[in-house]
Amino acid sequence: MGKSIIEKIWDYHVVQKEEGKPDLLYIDLHLVHEVTSPQAFSGLRMKNRKVRRPDRTFATMDHNVPTVNRKQINDAVAKNQMTTLEKNCQEFGVPLADLDSPDQGIVHVIGPELGLTQPGMTIVCGDSHTSTHGAFGALAFGIGTSEVEHVLATQTLWQSKPKTLKLEINGKLSSGVTAKDVILYVLSKFGVQFGTGYVIEYCGEVIEGLSMEERMTICNMSIEGGARAGLVAPDETTFSYLKGRKFAPNKEEFDRYVEHWSAFTSDKDAKYDREIVIDGSDISPMVSWGTNPAMTAKIEDAIPTVADYETEIEKSTLERALQYMGLNQGQKIEDIKIQHVFIGSCTNSRIEDIRKAAEVVKGQKVHPSVRALVVPGSQGVKQRAEEEGLHQIFIEAGFEWRESGCSMCLSMNDDVVPAGEHCASTSNRNFEGRQGAGARTHLVSPAMAAAAALYGHFVDIRKLTPVEVR
Ligand SMILES: CC(C)[C@H](C(=O)O)[C@@H](O)C(=O)O
Ligand code: SF4
């Protein structure tokens, strides 16, 4: 029987196997950030241990960093986490992209951008959205702080073999529909638990046609569906993205690596524990209206009503979400007003995301009642965007153009949404308080967020004139 890419990567990395016990996996790449690493390093220090493979470990600061006045960190906890990471990396010899580094950025943006993330690898990080790296055909998943310590010390991890889920997206996406809409649609249809216990392989014509940035957006939100990880088999798109990147194999070695990477694809007769097939042409630009990512509707639709649900639990969940969001049953999505726009986060802050938003914004002005932020995912993205003049488009329209970091994705730094206000956000989580106490988050694509910034409410980007969206 054939094997899926998930099983192939797994089997390739098993160091020790014992009946009835988790497997011991070798870890190829360990990414580290300031929030989930301090106790892990303290643990090493206490046990007098070293980092086993500093050369397979890479750290950055992202969650706490200010996106203006970079060095002025007002919050004591944030400051402490950042200086602690600096000290730890120095002491243990781990490379760090600090605030002065041109490589600094959100951990899930810089891994791929620097070419650290490669096909067939096992990749871990003390962060749930590590699934992003799966876009390269890597098995990449988030781990807890005690596991971070284990990987630092041994470069291995005990793991139980996950179940496999094949999610095939066929057909074609209509114009104006992006990768973000694909994953929001999947969540709206199958809920926030459909992936529990599984690693998802995304495949089908739609996925094959996506760029690496778009594949990352989809893999990133696998975790919102409960999955441990999500991945896409590597292909020419993957290889050409990697070519020439800082830590990717050099010219002489590249072809040899491509051969090695190409082995990590699923056999035609591979069996999965579950299979889902969807049609890409069913997808519209999507907007989340509630307090989890599955509470999402098509832009042309309306918020559901209690009559749409059968059980009392579902009905009261709807009521509770709408109370928090300050919205009404049956309200049209296009009628939801927003006061903030956040274009950023590890879901949608790469160069293509910034370009797509800029296309919508070009020559227009941000609505007077909206505060809008663009936060590039890394210094690399920021520099590239500035070389292309994209920052000017945003600044002239009235957007704030910031330094890289997690920013408004979560309220761990100065970028927060005030209580009761609505934010069109390109991030991945919309639970109560995520962007600040009482903040109301709506998850959307970069193009949809940009359009909402101009109008002060959600608009269907498919209805904008071709001059506005090319
Ligand atoms: C801070 C970190 C542990 C957390 C995560 O793991 O997801 C963060 O990145 C988030 O998105 O909520
Ligand atoms: S951008 Fe958001 S989701 Fe991504 S790592 Fe940072 S806080 Fe987590």
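For all residues, glycine too, the Cβ spot is worked out from N, Cα and C.
Since we're looking at a predicted model, the values are computed, not measured.
Annotated [4Fe-4S] cluster binding site per TrEMBL: Cys346, Cys406, Cys409, in sequence order. Over all protein chains present, the Cβ of Cys409 ([4Fe-4S] cluster binding site) has 29 other Cβ atoms lying within 10 Å.
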Sequence-distant neighbours of Cys346 ([4Fe-4S] cluster binding site) in its chain (C-beta under 8 A, six or more apart): Ile106, Val107, His108, Val109, His129, Thr132, Asn220, Gly377, Cys406, Cys409, Asn428
Cys346, Cys406, Cys409 excluded, remaining Cβ within 8 Å of their centroid ([4Fe-4S] cluster): Asp62, His63, Ile106, His108, His129, Gly344, Ser345, Thr347, Ser349, Gly377, Gly405, Ser407, Leu410, Ser427, Asn428
Cys406 ([4Fe-4S] cluster binding site): tally of other CB atoms within 10 A of its CB: 30
